[in-house]
Amino acid sequence: MKPFPRAEISSSALQNNLAVLRQQASRSQVMAVVKANGYGHGLLNVANCLHTADGFGLARLEEALELRAGGVKARLLLLEGFFRSTDLPLLVAHDIDTVVHHESQIEMLEQATLSKPVTVWLKVDSGMHRLGVTPEQFAQVYARLTACDNVAKPIHLMTHFACADEPENHYTQVQMQTFNQLTADLPGFRTLANSAGALYWPKSQGDWIRPGIALYGVSPVTGDCGANHGLIPAMNLVSRLIAVRDHKAGQPVGYGCYWTAKQDTRLGVVAIGYGDGYPRNAPEGTPVWVNGRRVPIVGRVSMDMLTVDLGADATDLVGDEALLWGAALPVEEVAEHIGTIAYELVTKLTPRVAVCLA
């Protein structure tokens, strides 16, 4: 019997999305970003499905070690870099690249005793002002890393965009110019483009692109949909109806009696709630897909359940499946109703949701 709720992960969708991104950036290698448990899709699931990617980007060392333990041989890059000097021997032992973005990391590299050098991607703060060395610091930092025996040569170079998901925002062009002027004529790889860069800013594609959300079939741009780019949703979040009830006009439903029926109808109770990662703040009208149609959430989402208005003439039965988002109901649409972004929805599913390859 299939578990409920479950996140069905489509390997063919993941492979399609990688192919689409390769076509978009045909001169670039692809660093598939699989941080946050593969954006909620399962770290090893995604890496195995995307085994033809040229490398994988991760946030934490533990994620990289899990991939190595799972047999992944491709290039791995820690996008936040290492945090402790004791991380450095692990990077060497498991052949893991690291971003360097801060003085403390440079000092640890200079002071370490390592069996071989570490591959470093120096992050430039071209305008996001979160991580990275500033343009004023760049020459000095680059010289220090070049002089450090624990740093493999050449040093690779990267930056990250603040507003690439706003295609009309000129700031991305400013960031590209800043980065390109600083790094002109230096050896090594360059990477600028995230998903939005790969899809909307072709001049940013560089030697490597670093797509994340687009690999999972989701557009990074609010109001857009992955399908507009040939992307296919990789996750179907599925549960089922555990009750179908006749409901009279004037009767409330759920905690706080938040919603009251304006007419006689039939309600369905779906076995998923905020304990599974479905947002408690999903408002009335947020769509759920049941038997080929959108039906609205009514009342408050509770820990284990939510309620939908099936309509007065509904013939839905207990046990029928309900799709919370996926191929028939884009996660971008659900996120817009809730007032969040698709990234948050797919990454916040809890361990109660079974993640399985479909």
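We count from 1, first residue shown onward.
Glycine too: its Cβ is placed from the backbone N, Cα and C atoms.
According to Swiss-Prot, the features are:
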type     : residues       : note
MOD_RES  : Lys35          : N6-(pyridoxal phosphate)lysine
ACT_SITE : Lys35          : active site, proton acceptor
BINDING  : Arg130, Met303 : substrate binding site
ACT_SITE : Tyr255         : active site, proton acceptor
Task = List nothing but the one residue from Lys35, Arg130 whose Cβ has the fewest other Cβ atoms within 10 Å; the candidates are the recorded positions.
result = Arg130
Inquiry  = For the C-alpha pair, I'd like the distance in angstrom between Arg130 (substrate binding site) and Tyr255 (active site, proton acceptor), rounded off.
reply    = 41
Task = Measuring Cα to Cα, tell me the gap between Tyr255 (active site, proton acceptor) and Met303 (substrate binding site) in whole angstrom.
result = 11
Note = Cβ-Cβ distance under 8 Å, sequence separation of 6 or more, same chain as Met303 (substrate binding site); the residues meeting this, in order, are Gly273, Tyr274, Gly275
Note = So Tyr255 (active site, proton acceptor), by the Cβ count within 10 Å over all chains shown, scores 12
Task = For Arg130 (substrate binding site), name the DSSP secondary structure in the helix/strand/coil scheme.
result = coil
